[in-house]
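Undergrad: Annotations per Swiss-Prot:
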type	residues	note
DOMAIN	4-202	domain 'DPCK'
BINDING	12, 13, 14, 15, 16, 17	ATP binding site
């Protein structure tokens with residue numbers, strides 16, 4: 001039976017880079033954001049309900065979701081954000097669970113869930129939580145470099161996410177990603193050895209058990 005580690009962290013912490021390091025070591029990887037994207041891609045099963053709730057203005061003339069428009073709408077309104085989450089979160093949960101069922105031989109796998117701290121229903125899908133942490137200034141710099149967002153825009157996103165202390169309280173393990181990619185790879189290799197050992201002998205190891 002494959003045991004699942006939930007990998008989480010704030011924007012710019014290096015979640016995806018860490019998850020890729022694990023994947024490079026042969027660890028099964030599931031990405032909640034990728035699942036969400038597939039659900040809202042062309043002919044995605046979430047689209048009819050999104051259209052019903054948000055209207056035609058969030059779609060282009062080809063029927064594709066205008067993600068930028070929808071993102072602005074939900075970012076500006078907590079009630080609209082909650083409405084979108086009521087559609088998306090159950091579908092993402094089901095998609096992750098379906099993907100998990102395709103892996104049975106690996107000792108453990110990684111599920112990348114950015115909002116794990118905020119959306120605790122996903123805890124039931126995992127046995128252990130790995131939080132990727134980084135200094136705020138590094139996080140802001142990384143996001144600005146890759147996205148073109150201003151410092152203020154990145155800071156606004158961070159302010160809407162769970163705090164670092166909240167993530168650390170949830171964590172079984174913490175990886176501090178404050179250096180180079182080489183350093184990140186070395187840290188994930190050590191965690192890989194640790195997880196391979198504990199899950200081979202104690203598959204329920206961790207504080208997030210059924």
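Along the chain as shown, the residues are counted starting at 1.
Every residue, even glycine, has its Cβ placed from backbone N, Cα and C.
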Undergrad: Long-range same-chain neighbours of residue 13 (ATP binding site), Cβ under 8 Å, sequence gap at least 6?
TA: 132, 133, 134, 139, 177
Undergrad: Quick check: which same-chain residues outside 12, 13, 14, 15, 16, 17 lie with their CB within 8 A of the centre of the ATP site CB atoms?
TA: 9, 18, 132, 134, 142, 177
Undergrad: Below 8 Å Cβ to Cβ and six or more residues apart, same chain only. Which residues does that give for residue 15 (ATP binding site)?
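TA: Counting only residues 6 or more apart in sequence, the Cβ neighbours of residue 15 (ATP binding site) under 8 Å are 7, 8, 9, 112, 114, 132.
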Undergrad: Tell me, how many other CB atoms lie within 10 A of the CB of residue 17 (ATP binding site), whichever protein chain they belong to?
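TA: Total other Cβ atoms inside 10 Å, all chains included: 15.
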Undergrad: For residue 16 (ATP binding site), write down the residues of its own chain that are at least 6 apart in sequence and whose Cβ falls under 8 Å from its Cβ; none is a fine answer.
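TA: Once residues fewer than 6 apart are set aside, residue 16 (ATP binding site) is near 31, 112.
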Undergrad: Below 8 Å Cβ to Cβ and six or more residues apart, same chain only. Which residues does that give for residue 14 (ATP binding site)?
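TA: For residue 14 (ATP binding site), the qualifying residues are 132, 134, 142, 177, 184.
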